[in-house]
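Trainee: Dumping what TrEMBL says about this protein:
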| type | residues | note |
| --- | --- | --- |
| DOMAIN | 41-115 | domain 'Cation-transporting P-type ATPase N-terminal' |
| TRANSMEM | 87-111 | transmembrane segment |
| TRANSMEM | 123-143 | transmembrane segment |
| TRANSMEM | 280-302 | transmembrane segment |
| TRANSMEM | 322-351 | transmembrane segment |
| TRANSMEM | 742-762 | transmembrane segment |
| TRANSMEM | 768-786 | transmembrane segment |
| TRANSMEM | 810-831 | transmembrane segment |
| TRANSMEM | 843-861 | transmembrane segment |
| TRANSMEM | 882-907 | transmembrane segment |
| TRANSMEM | 913-933 | transmembrane segment |
Amino acid sequence: MLYFMDALAHHQYHSDVNAAEFSKNPDKLASVVRRYDMDTYRGLQGVEGIAKAISVSIDEGVKSSDLSIRQETYGVNKYTEKPSKSFLMFIWDALHDLTLVILIVCAFVSIGVGLATEGWPDGIYDGLGILLSILLVVTVTAVSDYKQSLQFKDLDKEKKKISCHVTRDKCRKKVSIYDLVVGDIVHLSIGDQVPADGIFISGYSLLVDESSLTGESDHIEIDESKPFLLAGTKVQDGSAKMLVTAVGMKTEWGRLMEMLSEEGEDETPLQVKLNGVATIIGKIGLLFAVLTFLVLSVRFVVEKAMRNELSSWSSSDALSMLDYFATAVTIIVVAVPEGLPLAVTLSLAFAMKKLMNDKALVRRLSACETMGSSTCICTDKTGTLTTNHMVVVKIWVSGETKDVRDSEGRVLSSKVSESVLTVLLQGIFECTGSEVVKDENGKTSILGTPTESAILQYGLDIGGDFDAIRNEIKTLHMEPFNSAKKKMSVIVALPNGQIRAFCKGASEIVLGLCYNIIDGSGETVYLSEQKRKMIADVIEEFAKDALRTLCLAYIDVQGGFDARNRPERGYTLIAVVGIKDPLRPGVKEAVETCLAAGITVRMVTGDNINTAKAIAKECGILTEGGLAIEGSDFRTKTTDELNEIAPRIQVMARSSPTDKHDLVKHLRGMSEVVAVTGDGTNDAPALHESDIGFAMGIAGTEVAKEQADVIVMDDDFATIVKVAKWGRAVYINIQKFVQFQLTVNIVALMINFVSACITGSAPLTAVQLLWVNLIMDTLGALALATEPPNDGLMQRPPVKRTDSFITKTMWRNILGQSIYQMAVLFVLNFAGKPILNLEGENATAILNTFIFNTFVFCQVFNEINSRDIDKINIFHGMFSSWIFMGVMISTVVFQVIIVEFLGTFASTVPLDWQLWLLSIVIGLVGMPIAAVLKCIPVEKTVVQEQHDGYEILPDGPDRI
């Protein structure tokens, strides 16, 4: 893969490169960047020459009218996707189940023997019944898997919705990366993913992570001497403009994608755990199957010996042995709970789809599941708890605090001297990474972060002209803002030749760099300790009003510009800005929901501690006994001290990305399941360290999104709480399904095994067991695993990592129901004829059909019982769950069809209405029995005191 890194050694410098060769040859143009071809780059006179060769102006960008022509000539910025699996492939995969293959063989042997003994058509019914049952099981499984694959494909499309900033038609615009064309001028900033191959035009301190292509972890500095940028790499620091030279499959990333095969989803922890459970149950089922076959076969041989027929074997004897074998294999099919992993996937996929409607894009399946067990959320403030619609409401300038807006939000006139206004506007419009742009209709808009946009809007409101100031002042060097330094700076040349540096950032940090201030008359005066304290008080006053504070300062540099000797101290303070960022609606309620659910919410922010505390109190995060700490204090604590204070930390202000990472790591070390929100590139380590990472969809960088498990599309904290709620629903739904399935397993295995041992025949045939398998596996998973969450889920403590998946409460319900069902079915099996007054040659067939019918209705009503593991009211929300109702009605309808109309295939006979009614009543009795069982206490009631003063609700039957 690194062949293009060494390309310089294999090329000679050509000064007579023909630019015309590149204008219509996309492959040749793409190879310049892909092969790091500096010779051709210089031969074309650098980026200006390449821009000229592809007919684009670096200042004006591509013309919108040329887009379609450029796409035809150079290609579109999309990668060739592997064709998705067809429905027939899913059917083929489902047929690969070993037990089903054995049953298919049995079915064909049964048809062969049946035709030889009973002739056409009577001889084919048994075998054909098994084949039709297998076809039904395979079709339902394939449909389920196919629908999931389509759903994941839709989710994948959502993941790839990325936009970038370009210059087109002389305007800066936001476009989808898929709409990029060769010749586009792309603006890159920290956290962006490079959307196509291109060449550096201009920029500052650009560092790129190429590890996704080269595997090298060192960041590459990009400038005029190393100008090549590759698609798929990520901007770690700085900002730049680049000229797109290759898109889609012509890029190095595109070529690499073509070579890679499509990767499937890894199994989630719950799937792994349940696979283990399934394996154990499968082994038990195998043991019972072998024993059943041996008992039936031995009885058959002994009975033949007693009749002195051991020496003569007919084809009907072979058919009987084959039936025994088919029954044994079917017991394995029923016993192996392949529905367990299916239920997890179904439940997670259903949750993912619903969460997508709730503005949460789940990137990894295990995220929902993990979020259900989360014990704490470390959240950002800006944009997550607040609206991220920022506006400047107060400013300290020229020695006094001024309100910027009146009570109705109108801008008040600025009463500052001309000289102060000039330097203030220079600082606002030059020391920024954002831009003021005009669209085709002349309407002004601001492209950039909300904080930058608020300050630029203030500059425009007080009469500033962005373009005029930018045109007359030349930018020499820029250090973009990052969360480690908490400031940004820019060095410019004023029209009179004076070199001036501006600095903007966290108020106390920038104030610490200042030696002077501008007074009321516009004069520069020394910043005495008394004045410094007065300004610190102003900053604190702003912060206590929940305002975000920033300082703006400048310094005139003597002796010319030198990028290596940038001024670090001696600045003159221009202004302190107070920015209002209102709380999001519903945040306070969402925080209360978290606390009630035993989830601690911690605010981790780069803001001033007073601002952080004011917002935290407003939304209910900072409680009595809770601790607010600054990152600088947190760093100095020993491990023992952290063990003591970490559970009490509710606010961490002025935190660096390292502080956030260390807090998450420490909390996880204390057995907390930690969820983390992040939007910046520097949040990536904490997102990676956490159990579940949330990236912001609007404010989040591509680097943060890449590390996250869930992307919060609306940047709202309430959406994170919805993910926790659905996560809990997934866990509970799987528990319901496991409880239901284990009951069916125990009863089906015991009834067939015991009956085989005592009577020499199994009451449930292979076809009937396959139908039961379909009810309890695929249909059961569909009904119970897709139940929506209820509000009660967020009024119980989170499930600990160490908790057993099958709880004592579940075992109580499983054993209670199993005992009832087995008692009824055993009585019917051994004494059913006299009890039901069944006589005649058809009596055995009627009894076996009745046992089968009763068994199925016991499962139908037990499925309803399983809707709630420990509450008596199982009907809450049942009639509004159309999937559950659909499965219930379909099961009953199919049961009627099987018993009344498919007797030839299913070995059943039609029943009269009294036996139908009795089957339903016996099944229905399971419901009051379940209610009684739920009153038997099994779990210990423990009331724990949390560090936030919240008492965890009791678990188990005490909640009834």
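Cβ atoms are placed via backbone N, Cα and C, with glycine included.
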Trainee: With a cut-off of 8 Å between Cβ atoms, can you find at least three pairs linking the transmembrane segment (843-861) to the transmembrane segment (280-302)? Only pairs 6 or more residues apart in sequence count.
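Mentor: With fewer than 3 qualifying Cβ pairs, these stretches do not touch.
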Trainee: Using Cβ atoms only, state whether the transmembrane segment (810-831) and the transmembrane segment (742-762) have three or more pairs under 8 Å that are 6 or more apart in sequence.
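Mentor: Contact confirmed: at least 3 Cβ pairs fall under 8 Å.
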Trainee: Could you give the residue numbers and ranges of same-chain residues that sit at least 6 residues beyond the transmembrane segment (882-907) on either side and whose C-beta is under 8 angstroms from one of its C-beta atoms?
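Mentor: Same-chain contacts beyond the flanks: 125-126, 128-129, 132, 765, 767-768, 771, 775, 779-780, 782-784, 786-787, 845, 848-849, 852-853, 856-857, 860, 863-864, 867.
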Trainee: I need to check the long-range neighbours of the transmembrane segment (742-762): which residues 6 or more away from its ends have a CB within less than 8 Å of a CB in the stretch?
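Mentor: Same-chain contacts beyond the ends: 281, 284-285, 288, 291-292, 295-296, 299-300, 303, 327, 331, 334-335, 337, 769, 772, 775-776, 780, 806, 813-814, 817-818, 821-822, 825-826, 829-830, 851, 855, 858-859, 862.
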Trainee: With helix taken as DSSP H, G or I, strand as E or B and everything else coil, how many residues of the domain 'Cation-transporting P-type ATPase N-terminal' (41-115) land in each class?
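Mentor: The breakdown for the domain 'Cation-transporting P-type ATPase N-terminal' (41-115) reads 48 helix, 3 strand, 24 coil.
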Trainee: Mean pLDDT for the domain 'Cation-transporting P-type ATPase N-terminal' (41-115), as a whole number?
Mentor: 80
